[in-house]
Amino acid sequence: AICACCKVLNSNEKASCFSNKTFKGLGNAGGLPWKCNSVDMKHFVSVTSYVNENNYIRLKWKRDKYIKENNVKVNTDGIPSIDKLQNIVVMGKTSWESIPSKFKPLENRINIILSRTLKKENLAKEYSNVIIIKSVDELFPILKCIKYYKCFIIGGASVYKEFLDRNLIKKIYFTRINNAYT
């Protein structure tokens with residue numbers, strides 16, 4: 001399952017709950033437009049870190065079936081070996097850069113950065129398990145060869161938009177901040 005970080009009941013509602021105003025309000029100058037809400041951050045960590053070992057086999061079977069039906073080619077070059085069952089978080093370069101250094105990479109999650117310009121050698125050595133991809137299409141072969149529980153798309157706006165436009169998001173976790181920020 002690819003999830004974005006309000007459960008949406010049908011695919012028509014997915015697109016309608018995110019308008020152009022929503023995408024303009026997701027970030028501000030590489031950060032959040034509002035002060036950090038510790039309750040929301042704890043919820044984000046909880047949702048994106050939670051793994052149910054007992055449910056993994058069922059999810060893996062569904063994924064393998066999808067990948068086989070869609071004839072996805074798998075190349076494991078440059079993909080780190082990960083033994084512990086974790087979730088994947090996919091983010092754009094600006095979202096990655098907005099994370100304070102002390103929290104990078106996001107703990108207990110497989111971090112994947114979607115960027116056309118960022119290169120692996122530009123990352124600090126302590127980020128050796130971070131995966132960099134240039135396009136959404138590069139994500140699918142990685143999903144085939146990594147042991148993971150769920151894949152979360154965590155931003156920014158253009159990354160959300162691309163996954164939504166391609167109808168790749170199954171579930172949306174949505175926090176509404178009822179205020180205007182400039």
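Placed from the backbone N, Cα and C atoms, the Cβ positions cover glycine too.
As recorded in Swiss-Prot, the features of this protein are as follows:
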type    : residues                       : note
BINDING : 25-31, 93-95, 114-117, 155-162 : NADP(+) binding site
BINDING : Asp40, Ile154, Tyr160, Thr175  : substrate binding site
DOMAIN  : 1-182                          : domain 'DHFR'
Rounded distance in angstrom between the Cα atoms of Thr175 (substrate binding site) and Glu162 (NADP(+) binding site): 20
Cβ atoms near Val159 (NADP(+) binding site) (within 10 Å, other residues, all chains): 23
Average model confidence [pLDDT] within the domain 'DHFR' (1-182): 78
Binding-site residues listed as Ser95, Thr175, least Cβ neighbours within 10 Å: Thr175
Separation of alpha carbons, Ser95 (NADP(+) binding site) and Ile154 (substrate binding site) (Å): 8
Between Arg116 (NADP(+) binding site) and Asp40 (substrate binding site), the C-alpha gap once rounded to whole angstrom: 30
Site with most surrounding Cβ atoms, counting all protein chains shown within 10 Å, from the binding-site residues Ile154, Gly156, Tyr160, Glu162: Ile154
Nearest of the binding-site residues (Gly156, Val159, Glu162) to Asp40 (substrate binding site), judged by Cα-Cα distance: Gly156
